[in-house]
Amino acid sequence: MADSTIYVLDRNYLAITFLISLLIQSLAFLISYTLQFDKITDFSGGSNFFILALLTLLFGQNFEARNVIVSLAVLLWSIRLAGFLLLRVLKRGKDDRFDEMRSNFFRFGAFWVFQLFWVWVVSLPVTVLNSPNISSASEELSQVDFKLGSDWVGLIFWVLGFLIESLADLQKYRFKSDPNSKKDRLPVCRIGVWKISRHPNYFGEILLWWGIWLMAIGSARNPGIPESTRSLLYGTVISPIFITILLLFLSGLPTAEKPVQESIFIKSYKAKRSNSQDQQNGQGQPSNQSVNPQFGENAKNDDGGERVYSGVQKASDLGEGKAEGQVWKDYKDYLDQTSILLPIPQSIYRKIPTSIKSTVLLDWPIYRFDENSERAQHLINQINDEIN
């Protein structure tokens with residue numbers, strides 16, 4: 001039987017996939033920079049994944065179950081992601097992340113360079129799996145059927161991750177689109193899968209890419225492939241590792257946790273300080289009294305028992321000023337009773353010792369805003385100066 005595999009530049013498709021990604025991201029950057037809009041920034045990333053998975057599958061001409069399943073996994077994920085992100089930015093009109101860099105050629109370009117490497121690196125499992133070094137070795141006697149333990153674990157990981165991420169994006173989109181959500185003082189979605197994780201979308205993303213890698217590496221057992229390609233296929237573990245590091249330490253949790261906590265702390269303190277000032281002016285109390293919203297002791301009920309977070313009081317229940325001043329207290333309850341990443345029911349998570357939450361369950365100090373820190377005191381002093 002004639003070999004119908006298409007060979008392009010190298011037998012692992014590393015060069016051609018990089019060049020294709022470079023072309024896509026360069027064109028998208030030039031269009032976005034010239035027109036100064038954000039309509040295709042995220043869409044170009046998701047569609048780039050789709051193009052690489054489809055082209056390598058067609059070039060490699062290996063349509064075994066493993067190649068088809070892994071390629072379809074990437075194709076389905078990329079279609080959903082690109083479509084969702086395009087719909088979201090079309091509704092918003094722009095992406096606020098780029099407001100400070102959109103007009104700067106080099107700063108804006110740096111985003112596209114990073115996106116280029118993100119797509120190329122994370123696509124490596126499907127790229128290498130579909131490459132000639134593996135497809136040309138997949139003869140009838142050396143095929144590795146899709147029935148290994150790692151295959152089924154990987155498939156389960158991908159299905160769960162895909163469903164969780166899809167639900168999380170949909171539920172948060174509906175929450176943000178609901179006018180009633182603006183009445184909720186806490187700027188966080190707490191419905192559906194968001195009840196059991198503060199960032200279920202990140203969890204799903206990490207889980208599904210580990211699943212893709214686990215399904216792809218089964219071909220490493222093929223005795224017909226070169227040893228260098230076998231090592232390369234195992235080495236594509238850099239894909240899920242990159243995603244995990246990205247979301248845990250770079251653009252994921254670090255930007256979604258501490259900055260939000262700090263903004264809520266500021267909002268709450270300003271409200272309490274203003275409310276206190278109003279009361280002082282009305283009751284003739286000293287006007288230089290300082291208020292510091294430390295809520296450590298307030299995490300208890302009047303009877304001394306642990307207070308269970310059951311939602312945020314409405315402004316109409318407390319009066320607007322008092323309600324706004326309650327935000328930081330409510331938000332700390334939310335943080336203490338909702339897992340930062342791993343989906344865990346609140347009824348279970350709230351009973352877990354803090355030492356376990358802040359280590360094994362990833363709610364590390366790097367994600368927490370410390371209200372007793374020098375930074376917090378500096379913010380308090382600034383607010384006091386503004387009000388006084």
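Glycine is no exception: its Cβ is also placed from the backbone N, Cα and C atoms.
Feature list (source: TrEMBL):
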type	residues	note
TRANSMEM	12-33	transmembrane segment
TRANSMEM	69-87	transmembrane segment
TRANSMEM	108-129	transmembrane segment
TRANSMEM	149-168	transmembrane segment
TRANSMEM	202-220	transmembrane segment
TRANSMEM	232-253	transmembrane segment
COMPBIAS	275-292	compositional bias 'Low complexity'
REGION	275-308	region 'Disordered'
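Long-range contacts of the transmembrane segment (202-220) within the same chain: residues 66, 69-70, 73-74, 77, 122, 125-126, 128-129, 134, 138, 144, 146, 148, 150-151, 153-166, 168, 230, 233-234, 236-237, 239-240, 243-244, 247, 252-253, 341-343, each at least 6 residues beyond the stretch ends and with a Cβ under 8 Å from a Cβ of the stretch.
Long-range contacts of the transmembrane segment (232-253) within its own chain (CB-CB distance under 8 A, at least 6 residues past either end) are made by residues 12, 118, 121-125, 127-129, 134, 199, 202, 205-206, 209-210, 212-213, 216-217, 219-220, 225, 340-341, 362, 367. Between the transmembrane segment (149-168) and the transmembrane segment (69-87) there are at least 3 Cβ pairs closer than 8 Å, counting only pairs 6 or more residues apart in sequence, which means the two stretches are in contact. Beyond its flanks by at least six residues, the transmembrane segment (69-87) meets 39-40, 42-43, 45-47, 49-50, 52-54, 56-57, 123, 125-126, 129-130, 146, 155, 158, 162, 166, 169, 173, 208, 211-212, 215-216 of its own chain at Cβ-Cβ distances under 8 Å.
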